[in-house]
Amino acid sequence: MLSLPPPEFYKLWIINKSPYQLFNIYRSGIMKVKVLDASAIIHGYNPIIEEGEHYTTPEVLEEIESKKIIVEQALDFGKLKIMSPNREYIKKVEEVVKKTGDNLSQQDIGVLALALNLNAILYTDDYGIQNVAKKLNIEVRGIAFEPTNKDFIWRKICEGCKKLYPVDYEEDICEICGSPLKRKMVKSRLKKKRKKK
């Protein structure tokens, strides 16, 4: 079921957009809620000049000193809101992060949880965040770079015999040959089977 549009949707009526045009704009995602991580703001995303509702977390604000003026203006104009996600969504993200092995900070997890909480589009150039977002079916858009289309997980790999271990494997030495282990990105997407002619 389609939820009611945000206030910006109705403001567009004033500039003589037809109801049909307005509805298409809303459905296209322009007016959808957007969550911004630190990389999105640092790489030039400006909530003041963009349509839609923008949110970020308190932790992100601590990392974006270089864009402090823009952020403060966006907050003053009501174009950016600060919100912490509900704990249940943080737990969901943490479960996925544990499976993928992505090395994400609590700030990264918070941004993902907020996007999940608000059913929002997530703006980020961080490939680790994008990877976890895919697993959570969160729509992602990049700013300076196109979002990665790769689907991967992290594993530990033996430098000697190449045996793979889960990323949370506690030892740093291979149980088979005794060589050291290192983290490695592994594709998790299965290759599609070719159809028989």
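Glycine residues also receive a Cβ, built from the backbone N, Cα and C atoms like all the rest.
Note that this is a predicted model, so its numbers are computed, not measured.
Database features, via Swiss-Prot:
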type	residues	note
BINDING	Asp37	Mn(2+) binding site
BINDING	Cys158, Cys161, Cys174, Cys177	Zn(2+) binding site
DOMAIN	35-141	domain 'PINc'
REGION	147-152	region 'Flexible linker'
REGION	153-188	region 'Zinc ribbon'
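Rounded to the nearest whole angstrom, the C-alpha distance between Cys161 (Zn(2+) binding site) and the residue listed as 'Mn(2+) binding site' is 39.
Same-chain residues with CB within 8 A of the center of the Cys158, Cys161, Cys174, Cys177 CB atoms, the Zn(2+) site residues themselves not counted, are Glu159, Gly160, Lys162, Lys163, Glu175, Ile176, Gly178, Ser179, Leu181.
In three-state terms derived from DSSP, Cys158 (Zn(2+) binding site) belongs to an extended strand segment.
The region 'Zinc ribbon' (153-188): residue composition by secondary structure is 0 helix, 18 strand, 18 coil, according to DSSP. Break the domain 'PINc' (35-141) down by DSSP state and the numbers are 60 helix, 12 strand, 35 coil. In sequence order, Cys158, Gly160, Cys161, Lys163, Pro180, Leu181 constitute the residues six or more apart from Cys174 (Zn(2+) binding site) in its chain with CB-CB distances below 8 Å. Sequence-distant contacts of Asp37 (Mn(2+) binding site), defined by Cβ-Cβ distance under 8 angstroms and a gap of at least six in the same chain, are Thr56, Val60, Gln107, Asp108, Val111, Leu122, Tyr123, Thr124, Asp126, Ile129. Sequence-distant contacts of Cys177 (Zn(2+) binding site), defined as residues of its own chain at least six apart whose C-beta falls under 8 angstroms from its C-beta, comprise Cys158, Gly160, Cys161, Lys163. Cys161 (Zn(2+) binding site) counts 11 other C-beta atoms within 10 Å of its own C-beta, drawing on all protein chains shown.
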